[in-house]
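Chemist: One structure coming up, written as structure tokens, with questions to follow.
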Amino acid sequence: MEKSGSVDSLGSKPSSRQPSVDSLSSTSTSRSDRSAQAKPPSVLSSDSVSTSAEFSPELRVKPKATAKKAHRDSDKEEPQLLPNETVQDMAYDITYFCPFTGALRGTVMVTNYRLFFKSMDKDPAFMLDLPLGVVSRVEKIGNASNRVDSSYGVVCKDMRILRFSHKQVDDTLKKSIFEVLMKFAFPVSNGLQIFAFEYGQVFPENGWKVYDPISEYKRQGIPNESWRITKVNDHFELCDTYPSTLVVPVNIPDEDLKRVAAFRAKGRIPVLSWIHPESQATVTRCSQPMVGVNGKRSKEDEKYLQAIMDANAQSHKLFIFDARPSVNAAANKMKGGGYESEDAYQNAELVFLDIHNIHVMRESLRKIKDLVYPNIEDSHWLSNLESTHWLEHIKLILAGALRIADKVESGKTSVVVHCSDGWDRTAQLTSLSLLMLDGYYRTIRGFEVLLEKEWLSFGHRFQLRIGHGDKNHNDADRSPVFIQFIDCVWQLTRQFPAAFEFNEYFLVTILDHLYSCLFGTFLCNSEQQRLKEEIPKRTVSVWSYINSQLEEFTNPMYVNYSNQVLFPVVSLRHLELWSGYYIRWNPRMKPQEPIHQRHKELLAKRAELQKRVNELQREVTNRSASSSSERAGSPTRSITPVQTFV
Amino acid sequence: MLSQSSIGARSRDVFGLRCLPGECVLQRTVMVRKKLTAREGRGWLSGTLFCTHFRVAFVPQDCPKADDNSDPILLGDHDIALASIEKVVAVGPNRTKLVTPNSSLKFTPEELVLYCRDMRVMCFLFDRLTPDAQVLEITYTIAKTYQPLKPGSVLAFQNGALGSVEMKQFLSNRHRDSHMNWFESASDWEQELERCGATSWRVSSVNDRFEMSNSLSRFIVVPQKVLDTELKKSFAHFNEGRIPRWCWRHPRGSDLLRMSSFQNNIYHEKDDIRNLEMVLFGCQSSLCVVVELGDELPSPADIQLAHSRLRALCLGDISSSVSVPDDKWLSTLEGTHWLDYIRSCLRKASEVSCLLRSGHLTVALQEVEDRDMSCVVSSLVQVMCDPHYRTQHGFQGLVQKEWVMAGHRFYSRINYHRDSDKEESPVFLLFLDCVWHLWFQFPSRFQLTDDFLLALHDSVHLPLFSTFLSNCQRERCKRSQNVGQLYTPVNGWRDMLGPDSSSDTSDPPLPPVWDWALQYSRERRDGFVQPVAPTPPLQPLLNGNLNTNLDTHRLADAGPGSVFLLSRGAFTCPANLPPWRSGGSGAYRKSHRRAMSCENVPGLERLLKAWALTELPQNTATTSGPKGPLDPYEPLLPLLMGPCMSLWRECYLRGALHAQAFSHPVSTNRPHPVDRLAQEVQQLQNQLDQLSPHAAPDSLTVTSDPRRPDTNLNQSTNNSTFLYSALRPKTTPSPTSTNQHTSRGPTSASAPPPRPTRDGPKHSFLFGHSAVAETRSDPRYHPPPGATKLPKSNGSSLTS
């Protein structure tokens, strides 16, 4: 009974999975199996459960095979709980107002990890499985005229708003289940622990070992004659938002670094992100210089940038990319910041990339949300989309990253990238240009390294930007900077469908766990905080989960163009809204064809045929070798031209 | 003029360009680089640019020499016919100039940009080493010889391309593709009736001499029980005599008809009404739904306007320097309404498909003239519902049936001669875009590819094909009969009567567009179909009555009894509803619409609702999921929400210059990995085929050399047989491979042919469908001899 395994195997270890080759070549890899395979390791939100071709859990309908099973299990109300997940409250007779199918009556269960709604009104049963980390706020919808029912709106960070209502509780002492929900949805505000610290799942691979800065720099050929690894920030004394391992020019001693740090905002000195294996042109990142209204200068900083330029013998120029619009950069002078003047920095050319700040981005995405959820107005869809400016922002970011990549690759020139603090736009730009420049980062593990390095270790403030477990939903520090970056990556995968080892589902999964608080990866604001909280010890890394079932996230069409630099077309005409993420809740947006599935099966078929050809080849060679030695080579020769590219 | 053709040589090399017979090279420029589009891999390609009196040709530096004895191909991969050039723009150091036949340049162009009618933009860059004189000369030559379309120029172009003696001879000797249905003879139609299992219909030759209707084809399909004499009386009651005719039959027993609007100005006898009823209800259907197409669909003028806006937007013309800024792109695109029109066509077709799916009714598409939108909708419905029309040959047949023979006015709508500007409207291009949308949303349900659609799109702009150069069959016939007429299309029924007489005419015989070998290279044509056909099996329907088992749930759902009564009352009750009695078609339409939308007809309502429901995942899962035997006739219902309507970028934004931010060579996109993967799968399969039957005998006695002729022999007789017979032995494996089989367990059983041992199609998507498809639908994949009776699905021609 392969099919029924889908439900039974919930919660089973991924290690029990078949070796990948076998599961690929098995003809029974049907859709239901796939979703079943996707489920076990974490029993996450249904978001992550759905198959790679479709990401909408809202109306999760189990594939037919499992649906039958669901009937039998219909008495089993609860979902399989995660390790250490405990039920906090349950309530019956709750109405969920699904914007697509109408009101549904069912049961709500709140655990310390999720909200689970199940309605038997529909066949198959309708289920809603929502990790509490996704909840942005819960609001009671006042309805004076209706004293009998109380309504709640659950606003989610992933573009949804869920509406529930239930009968007014007679017993005034008993809390509504949504009050309970609020308590567990915002553990940080309520003095509770984020669920990631309790989640005890063990995975065969330890995702915390994915990124090791020393070996990553070694992969790039560092240290070398121009760059060295410094331990000056070992105890985060130089800069508390930077990682402990930094790469700086060889001829700048650690004392000078401290003086440079004094001149850079938050002490974020220019450090190496990436070095071109041939031209030695580098991508370095930092924060804005503390120029101020008086146009302060720093000899050390100037010398430092000169050293960066000198480290690259190919060019006598250095490009400084300031991600901000020039107006904003100038306005920062009032706050003591600013930008490098070309007088002070000889041979440096400053370029503004006109990317707006986190507040503009937040507002833009909010407009997208209004546009796509729950209903979409068809007649003015494109002009409405235009008025959100979201794609325009995407374009500017991609264009900026493209210019950086072009300068490094074609101009063989080193670049310095910064914005104000160097943890939002800078992270977007460096990581995108690295994706374009280095094929390693386009593999699954490489991408994980890229995120760990450019985002996590260099202190993108995930806690502040996402607000894990924090009820303060209006916090001005929240912003979808990381989502925007993943969107840009998605745009790249659209233009270069074969250049990335991961698929769309991988990106969606990362975003889902950005919010879910199931894994520790995206908690805290910096490496220092993560060490202090002992995150790697006390939580599970999302990469443990992902790397334990890589085939779910693998792009079957991947071709390893490791030495190819990707230059995307950044015109708006070639960008699209990522409807597979933003509009995935709408059942009418479901992709019609599981195209990945077909690709996978083609791969499986090829693997199988290849295997068979090899076997037969061996057989033929053996026989001909035994019969006559002079003909031994011929059968193989006629067979060789198949090249393998995956 | 650099060279003159030498008679006798079929095609020759002139400075590396392979000329057509009689083609003259007018100008040649060396050291030119051509900008490649994203699809071609971006970057640049260097080579030599030619201008002949037929085309602008570009020959890449290291392009392999073609075989001298192979048949001529009109256009190479990098060539543009002069007739498809719309504008020539020279780009100098600081300026750009539109070059007309009379203009003189005051600068030496660095770049030459050719804007084409088919929305390509070709960009040639001159090297510093390119001789200035050559640069200027070729610019002038192209500007002088490309022909802004006007009445005379088209003929000159046709003569230029096809007018030489050799070319005429070559064309008149070409065989028509016998794998597609041309719908020209009565037997063609009968074949279609048989394929669809429409037993209660017959082919009538009542319009044999085009006396009943000028614009209809010679043969029309009408109910068995309607006699020709009765039929004749009906013609007068319809605009242009386009009476209701059968188009297609859904396997569940519904029929699709099309007709023009009723004539109201003549007296109608009771008999006429009875005849009309007979035509509409002639076949067992007791329910008829007339779908009026005028209401929600764009008019030809709307389409023309939208298309011209789209052109202007997408081409980004640098000479006029009114390019739409990037940040206004989306709203400007919306403002063209092109996508809106596509959506409304697809929506209408989806509705009709859902009506048909419910079984046992007649859907008649009605349009005033029945020559534009009814072509679009009827063919879209068939593409959605019938997998056969999603194959290349099936689709070509569909275009023949619903467009060419049905009398779409290609000649006026395309307006080759620029003499019918008011009539011009790219209705056919709109249709192609609709099909592209279907393909885009259901790529694996199509055997044809977007490459094929693109090729067809481009061919429309080439005034060389008999397919597009007439408005109806009557015109085509007239032209081919009249010696000395402007056009002498090789076509249709006359070919079959005897040897073509076009050799005595002075004008070239025009080929049909479907003769792809004439237009495109082998490599390009290979891309017209998916390498591994994914579509469900295309088994011919024997009697067209699949409904016996499929309908059960639908019947309960639709309640045929009630539908029957109500709609019959609304549409057919002779007392009040014959349209010509109730005072004009307007009133008729009204009543019809009321019937369609109001609660009076809950059954019909429910059918359309069923469509809305299929947009929900439940049904999507059943249609696309691997579970259960998939009904191949379940219509492909596209998603039509705003975000789902995308632009056919590969067509409209092909040459867009603004797209090239940096032009570094990136070969990432080529060849598409899916193609490569599929190719590899096929290679492996072929190797397997070679290995498995020969492995045992060969190894003892022969080297690979003796094996060769063996293979070739098989291939030359019939490739498909070879493949199939070669596959056979694997199911009964040789003693040695038995071990492998057993050791590998069930997986080995899924090696091709994979199906027999596994239980049924529910197991896997790939093997459940494409394995079957491989054996049946894709000609290059070992169709079992005899599995398909129809010649079109047994196409060894592709491989031979």
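Sequential numbering from 1, following the chain as shown.
Cβ atoms are placed via backbone N, Cα and C, with glycine included.
Automatic prediction, not curation, is the source of TrEMBL annotations.
Keep in mind that what you see is a predicted model, and the values were worked out from it rather than measured.
Per TrEMBL, active site, phosphocysteine intermediate is recorded for A:C419. What TrEMBL lists as substrate binding site is A:N332, A:K333, A:M334, A:K335, A:N357, A:I358, A:C419, A:S420, A:D421, A:G422, A:W423, A:D424, A:R425. Residues or ranges marked as compositional bias 'Polar residues' by TrEMBL: A:1-19. Annotation source TrEMBL lists compositional bias 'Low complexity' at A:20-30, A:42-52, A:623-638. Positions annotated as compositional bias 'Basic residues' by TrEMBL: A:62-71. Annotated domain 'Myotubularin phosphatase' per TrEMBL: A:207-582, in sequence order. The domain 'Tyrosine specific protein phosphatases' annotation in TrEMBL covers A:388-435. The annotation region 'Disordered' is assigned in TrEMBL to A:1-84, A:617-646.
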Chemist: Would you identify the secondary structure of A:R425 (substrate binding site) according to DSSP, in three states?
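Modeler: Going by the DSSP assignment, A:R425 (substrate binding site) falls within a helical segment, counted as helix.
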Chemist: Looking only at A:N332, A:K333, A:M334, A:K335, A:N357, A:I358, A:C419, A:S420, A:D421, A:G422, A:W423, A:D424, A:R425, which the record lists for substrate, tell me the maximum pairwise CA distance in angstrom.
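Modeler: So the maximum pairwise Cα distance among the substrate binders is 21 Å.
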Chemist: Using DSSP, how many residues in the domain 'Tyrosine specific protein phosphatases' (A:388-435) fall into helix, strand and coil?
Modeler: 32 helix, 5 strand, 11 coil
Chemist: Using a 10 Å radius around its CB, how many other CB atoms surround A:N357 (substrate binding site)?
Modeler: 17
Chemist: Please report the three-state DSSP label of A:N357 (substrate binding site).
Modeler: coil
Chemist: Taking only the Cα atoms, work out how far A:C419 (active site, phosphocysteine intermediate) lies from A:N357 (substrate binding site), in Å, as a whole number.
Modeler: 9
Chemist: Within the chain of A:M334 (substrate binding site), which residues six or more apart in sequence place their C-beta under 8 angstroms from its C-beta?
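Modeler: Correct list: A:V293.
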